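According to TrEMBL, the features are:
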TRANSMEM  12-34  transmembrane segment
TRANSMEM  40-58  transmembrane segment
TRANSMEM  70-90  transmembrane segment
Amino acid sequence: METVWRKSQFKSYFKLSLFIMMVISTCLVIWAGFTKKGEIIPFLLSVTLFLWISQVYIENKDANKKNMHRIIFVISLLSVVFGAFHIFVYR
């Protein structure tokens, strides 16, 4: 018996993996706060925000809000890229 990946099934697995990564990222923010690793907290917060915006973007059905979420998605992605560049290059 073959398993056929439907679009809705793939989308649900993807949303679940985004949620799990968001929870892990939030736990890392809390861990960094307790262990005085203040230099990575802004990067972890931007990753958490990016994952949350990705989840909202996927679940949104309204076309008017979709454009606004796309703009916020791109801005948060740029924030993650610049944060990673700052941590890994300027260290």
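Every residue gets a Cβ built from N, Cα and C, even glycine.
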Cβ contacts under 8 Å made by the transmembrane segment (12-34) with residues that lie 6+ beyond its boundaries: 40-41, 44-45, 47-48, 51-52, 54-55, 58-59
Sequence-remote partners of the transmembrane segment (70-90) [C-beta within less than 8 Å, at least six residues beyond its ends]: 39-40, 42-43, 46-47, 49-50, 53-54, 57
